[in-house]
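Peer 1: Sequence annotations record features per position, and here TrEMBL assigns domain 'Cytochrome oxidase subunit I profile' to A:12-550. According to TrEMBL, the transmembrane segment annotation covers A:24-46, A:86-105, A:125-144, A:165-190, A:202-221, A:265-290, A:302-321, A:333-357, A:369-392, A:407-427, A:448-471, A:491-513.
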Amino acid sequence: MSYDSHHKKENFIQKYIFSVDHKIIGLQYGITSLLFLLFGFSLMLIMRWQLAYPETPVPLIGSLLGETGILLPEIYNSLGAMHGTIMIFLGVVPLAVGAFGNYIVPLQIGAPDMAFPKLNAASYWSFFVGGVIMIASFFTPEGTARSGWTSYPPLSIFESGQTMWLLGMVFLITSSLLGSINFIVTIVQLRAPGLSWFRLPFFVWAQFVTSFLLVLAFPPLEAAAVLQLMDRVAGTSFFLPSGLVYAGSVVDVSGSGSPLLWQHLFWFLAHPEVYVLILPAMGIVGEILANNTRKPLWGYKSLVYATVFLGFMSFIVWAHHMFLTGMGTTMSAFFQTTTMIISIPSVVILTSFFISLWGGSIRFNTPMLFALAFLPMFGIGGLTGLPLGFAASDIHLHDTYYVIGHFHYVVAPGTIFGLFAGIYYWFPKVTGRKMSEALGKLHFWPSLVFMNGIFMPMFIQGLAGVSRRLWDGGQLYAHAQGVLQWNEFMSISAFCLAAAQIPFILNVLMSLFNGQKVDRNPWGATTVEWSAPSPPLPHVNFEEPLEIYRGPYEYSVPGANKDFSSQTVK
Amino acid sequence: MQVPYVVDERPDTGLINSKLGIWIFLASEVMLFGGLFSAYVFLRMAAPEGDFAYWGSKLSIPMATVNTLVLITSSVTVVLSWASLKLKDFEKYKLYMGLTLLCASIFLVIKYFEYTGKFHHGVYPSSSTFMGIYFTLTGLHGLHIIGGIIVMGYMWLPIGSKLWETDPEHFTNRVENAGLYWHFVDLVWIFLFPVLYLL
């Protein structure tokens with residue numbers, strides 16, 4: 001039996017715009033989210049200029065910021081809030097889950113498509129509308145949200161621009177919900193015959209747990225967004241306490257609400273969200289490590305159990321973001337205990353990855369370099385999180401640059417390096433051509449250096465107590481004087497990091513047309529997606545239905561005639 | 001190309017795709033209303049003593065009781081409509097699905113009179129935290145009722161029910177999934193009624 005690949009002729013719009021093919025939707029997610037990542041990064045470059053050279057006109061785009069060309073505090077706050085929102089909800093999550101999940105998961109489980117192709121398209125377009133609303137808010141008279149990506153009340157209730165943000169979030173949340181329902185059903189239902197749970201590649205496991213986190217953690221934020229919208233539009237006071245004074249007068253609301261309620265609902269989403277950001281990247285890194293060490297991932301089952309446990313625990317650690325709110329020592333004790341427990345599965349995963357390197361014949365190609373860099377970078381990000389997980393040390397570090405350094409190490413040189421690794425690794429599958437190794441290395445090494453140049457000094461500033469939200473980077477504070485000189489260093493690193501992305505952009509564009517042509521399995525990999533043609537066939541992926549005969553990482557099996565044994569070959 | 005297990009169950013999981021999908025969707029709905037119910041608990045604890053009870057006494061228990069009965073009836077009729085399809089009796093399906101839609105509409109009409117009654121007496125979401133959470137919870141629940149009416153109305157009208165002619169089993173599965181959602185919306189009300197009106 002072979003798939004019926006004969007289908008109706010499609011015009012351009014059906015094929016590339018309103019497609020229901022998971023591969024096209026994956027590419028739509030990928031292109032959109034990469035553009036958002038670039039945009040969100042540019043916002044930060046403007047802010048870094050102001051931090052390095054306070055109150056000097058911003059070069060090139062200064063005229064957009066007002067007559068003086070100086071970045072004003074209100075706009076600084078706008079850019080800060082939108083940088084966070086765009087990077088997380090419009091950049092990393094859609095790239096990690098929407099793009100890689102959509103493109104790779106059905107291929108890795110040997111399925112012809114996602115379980116609900118139309119729902120899949122709906123989730124992309126819902127994401128797109130959410131993105132348009134967020135970007136449109138830059139052009140409204142009220143401006144964008146400016147209360148941080150966390151949107152803490154009471155400030156977020158009074159600041160203009162927040163309503164658009166909430167509206168955009170509703171679309172983004174809907175998109176994530178539809179997408180993750182689709183992933184769960186696809187992984188449970190559409191695995192090829194013989195592909196049992198413990199034969200799934202680690203990447204599929206990571207996406208599976210990620211989808212559960214999104215399905216269960218996002219709705220409380222939707223609830224919170226509805227409540228905040230009511231506070232802004234209908235005059236309720238869910239998040240406003242009685243007798244609150246704003247702009248010199250008592251706020252006229254019925255009162256008795258609580259700003260803490262928002263923080264609980266928000267972090268109930270936003271802590272699992274951290275694992276939504278990191279798990280897909282870990283999945284990608286696992287695939288690439290096994291492929292380029294030419295040996296199985298060490299401790300595959302413990303990796304899977306650790307990931308599932310991590311997903312479960314991520315629902316009961318949220319209040320470690322709230323030690324400073326005075327919620328009480330009992331609560332703090334509980335949440336710092338669970339926080340320490342959740343570090344165990346993360347360490348299990350990272351340790352398994354490190355041991356996987358042991359004794360391998362490592363190929364240092366570009367995807368592998370990014371995957372290798374992920375390990376220490378995520379390690380630094382994870383370990384610097386421990387002092388934030390203890391209430392006592394968190395009191396000193398909370399809301400300083402230390403926190404910024406910590407989570408950027410997890411997400412920027414961590415997750416984003418993992419995603420870059422994935423792009424270099426799967427580019428041949430998507431296009432049938434390899435990306436240039438020379439440009440890849442020209443992208444990797446400067447990125448690694450400048451990433452650390454940006455984020456390492458943040459620990460120094462944070463330990464000195466510099467607040468993360470200051471427009472001038474702490475000029476007016478005595479305790480900040482000794483570490484202020486790092487501002488310029490970090491900013492120059494950031495500008496250089498931007499320049500280091502040029503080889504990547506060139507590489508993608510040039511390789512599309514001039515890259516070395518490859519066959520279906522250029523890396524000598526074992527997982528199922530490499531049995532499909534490059535690029536896989538529209539709508540059906542594989543020429544014929546597959547059967548799976550072995551586990552995901554059978555590299556260098558003694559007695560085999562090659563150093564890899566594909567899952568689809570008997 | 002056809003995605004497998006749309007109508008036939010996958011042997012090792014014993015599920016069709018949409019059945020699993022609707023249950024996971026309902027799990028996310030539980031978290032949505034769960035978030036709002038925990039907000040209710042949090043706000044009730046933060047409110048001055050007796051505040052919630054005072055404002056709660058302004059709600060009309062008779063209207064809500066009638067609404068509870070209406071919704072329970074609709075839950076029964078939606079099951080009967082699905083059972084009729086299982087018995088290959090399409091006319092009965094039309095009847096019972098029509099009754100379900102009728103009940104859903106009656107619920108909304110009664111809710112409309114409840115809301116306007118409040119507005120008439122100058123009671124708005126901004127009047128107190130209790131009224132705020134009351135309007136938010138029942139409003140969101142009302143939106144779910146409207147969503148149900150749209151989906152079930154589509155399956156009741158010829159545009160959606162013509163699938164019965166070509167693929168009766170697929171259509172029956174759709175009705176079953178809509179019925180599961182409808183039971184959930186009913187169940188949310190079963191929690192809302194005592195929490196808002198009786199406590």
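Placement of Cβ uses the backbone N, Cα and C atoms for every residue, glycine included.
Please go over these features one by one and say how buried each is and what sits next to it.
Peer 2: Away from its own ends, the transmembrane segment (A:24-46) comes close to residues 15-16, 58, 61, 65, 71, 79, 82-83, 86-87, 90-92, 94-95, 98-104, 120-121, 124, 127-128, 131, 135, 416, 430, 494-495, 498, 501 of its chain (Cβ-Cβ under 8 Å, at least six residues beyond either end).
Among residues of the same chain six or more beyond the transmembrane segment (A:125-144), those with a C-beta under 8 A of the stretch's C-beta atoms are 29, 32, 36, 39, 74-75, 78, 81-82, 85-86, 89-90, 94, 98, 160-161, 163-165, 167-172, 174-176, 178.
Remote same-chain partners of the transmembrane segment (A:165-190), defined as residues 6 or more beyond its termini with a Cβ less than 8 Å from a stretch Cβ, comprise 81, 85, 89-90, 93, 97-98, 101-102, 105-106, 109, 111-112, 114-116, 119-120, 122-124, 126-127, 129-131, 133-134, 137, 144-145, 151, 200, 204, 207-208, 210-212, 214-215, 218-219, 221-222, 225, 228-229, 232.
With a threshold of 8 Å between CB atoms, the same-chain residues lying at least 6 positions outside the transmembrane segment (A:202-221) that come near it are 96-97, 100-101, 104-105, 108-109, 169, 173, 176-177, 179-181, 183-184, 187, 265-266, 268-273, 275-276, 279-280, 282-284, 286-287, 297, 300, 303-304, 307-308, 310-311, 314-315, 552.
Within the chain carrying the transmembrane segment (A:302-321), a Cβ under 8 angstroms from the stretch's Cβ atoms is held by residues 198, 202, 205-206, 209-210, 212-213, 216-217, 263-264, 267-268, 270-272, 274-275, 279, 282, 286, 327, 331-332, 334-336, 338-339, 341-342, 344-346, 348-349, 352, 388-389, 394, all 6 or more beyond its ends.
Residues 50, 54, 73, 76-77, 80, 148, 373, 377, 384, 396-397, 399-406, 408-409, 412-413, 417, 477, 479-480, 482-483, 486, 489-490, 492-494, 496-497, 500 of the same chain lie 6 or more positions beyond the ends of the transmembrane segment (A:448-471) yet place their CB under 8 Å from a CB of it.
Panel annotation: around the transmembrane segment (A:491-513), residues 38, 41-42, 44-45, 48-49, 51-53, 420, 423, 427, 431, 433-436, 439-440, 442-443, 446-447, 450-451, 453-454 of the same chain, lying at least six beyond its termini, place a Cβ under 8 Å from a Cβ of the stretch.
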Peer 1: Which one, A:86-105, A:265-290, A:333-357, A:407-427, has the most C-beta pairs under 8 Å toward the transmembrane segment (A:369-392)?
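Peer 2: It is A:407-427 that shares the most Cβ pairs under 8 Å with the transmembrane segment (A:369-392).
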Peer 1: Which sequence-distant residues neighbour the transmembrane segment (A:407-427)? Criterion: at least 6 residues beyond either end, Cβ under 8 Å.
Peer 2: 37, 87, 92, 95-96, 100, 103-104, 274, 277-278, 280-282, 284-285, 287-288, 291, 365-371, 373-374, 377-378, 380-382, 384-385, 433-435, 440, 443-444, 447-448, 451-452, 454-455, 458, 504, 508, 511, 515, 523, 529
Peer 1: Which residues of the same chain, at least 6 past either end of the transmembrane segment (A:86-105), have a Cβ under 8 Å from a Cβ in it?
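Peer 2: Distant Cβ neighbours of the transmembrane segment (A:86-105) are 22-23, 25-27, 29-30, 32-34, 36-37, 39-41, 43, 114, 120, 123-124, 127, 130-131, 134, 149, 169, 172, 176, 179-180, 183, 186-187, 203-204, 207, 210-211, 214, 273, 276-277, 280-281, 284, 411, 415-416, 418-419, 422, 426, 430, 529.
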Peer 1: In the same chain, who gets a Cβ under 8 Å from the transmembrane segment (A:333-357) while lying at least 6 residues past its ends?
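Peer 2: Apart from its flanks, the transmembrane segment (A:333-357) reaches 282, 285-286, 289-290, 293, 295-299, 302-303, 306-307, 309-310, 313-314, 316-320, 323, 372, 375, 378-379, 382, 385-386, 389-391.
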Peer 1: Could you tell me the mean pLDDT over the domain 'Cytochrome oxidase subunit I profile' (A:12-550), as a whole number?
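Peer 2: The answer is 95, the mean pLDDT of the model over that range.
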